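To start, the structure under review is shown below, and the notes come after it.
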Amino acid sequence: MPELPEVEKATGVVRTVAVGKRIERVETVEDDIVFSGVTHEEFAKEITGRRVANTGRYGKCFYLELDGEGRMPVLHFGMTGMLQVKGELATYYRETPKSANTDWPPKRFMKFILHLVDDVTGEVAELAFLDARRLGRIRLCASPLTEPPISELGFDPILCMPIYEDFEPSVLKRTCPIKALLLDQSFSAGVGNWVAALHHQTGEICRFAVSVNADDSKFPDHWLFQHRWGKGKNKEHSLKLPNGEPATIKWVTVGGRTSAYVAELQVMLGGAPDVKKRPTQKKRKAKGKHKAETDDDESDLTPLSESESESAVATKRKRPLRGKPYISASGYTRETAIQAAEGNSSDDKAHLGYADYPFAAQNATIKSTQAYDYKL
């Protein structure tokens, strides 16, 4: 799943391509899952003719500030959402597949295309939002910083990391595993070890990832991230501890996500937890369940096969999508972030936005595959 650094990178792409340009025309494809709380026609009509004044990000979401009256587009990538600029490759999260190309308009998974023009220079650009598995969300909000779900979100490690004196008690009063706490968007927005060290590293890791524009090839070799997709039985790991002894990397599922840890350094006090093994793929198929949409999936961003592609744009589905809605704690406000947004320059405000956790809809279908083209 694209997390804070990848979303920050995408926000930078939008800032470079779109800011200062007018949305001359919008193409959309009807999708009553990805377009949330607004139809694709309403989305196109409400933003057409307005100029992109700025962009913002908060947690895993980013938005466009438009001039004139009307709401602002607020976007969440989900697991497989991405942007593509005409003439360039899409912004893949994990790695760019060999089949990637610059075909335009994108042949698969397009949800909308913005046709942008600079009224002063005449420069034009086109920007598309793609989503293969339809777990992303496209919304319109009048005031992203003050509307739900922003009021239900926690701190952003880049924008408003709490000081240690506030962070420590908020962690110690919880009884859930620390990884599960960090993944809870009502606690921390955008994060995907322990009290003092955790407070420092959470902000430091996010800042470094953003500083290298989410290029994982520049991440330090000692980061466990380098082994995130290497948990197979035949994988060899040559890590060593500072004293020269070998380091054993193990994996455990916490909060529904895979965590890697060095067994020699991180010892479970009081014995290992009673963790139930996940059912095998064969058992899951026997029960007729869809593949779980988690980041444990080794091929989350692998392009779908032709058969999967066809089913993604079919007018009817043989089986309904099944999923459990994400329920987050409510009542958490971030007044400091809103105050910062109101007091900062436009450049600083470009880094402020809002985020929420996407949820899978049940019994959902795409009613139409015809693109909707709206212009003034």
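For all residues, glycine too, the Cβ spot is worked out from N, Cα and C.
What TrEMBL records for 2-136 is domain 'Formamidopyrimidine-DNA glycosylase catalytic'. Taken from TrEMBL, the feature domain 'Cyclic nucleotide-binding' covers 22-101. The annotation region 'Disordered' is assigned in TrEMBL to 273-334. The compositional bias 'Basic residues' feature in TrEMBL is assigned to 278-290. Marked as compositional bias 'Polar residues' by TrEMBL: 302-312.
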Item checked: Residues of the domain 'Formamidopyrimidine-DNA glycosylase catalytic' (2-136) by DSSP state, where helix covers H, G and I -> 23 helix, 49 strand, 63 coil
Note to self: Averaged over the domain 'Cyclic nucleotide-binding' (22-101), what pLDDT does the predicted model reach?
What the structure shows: 91
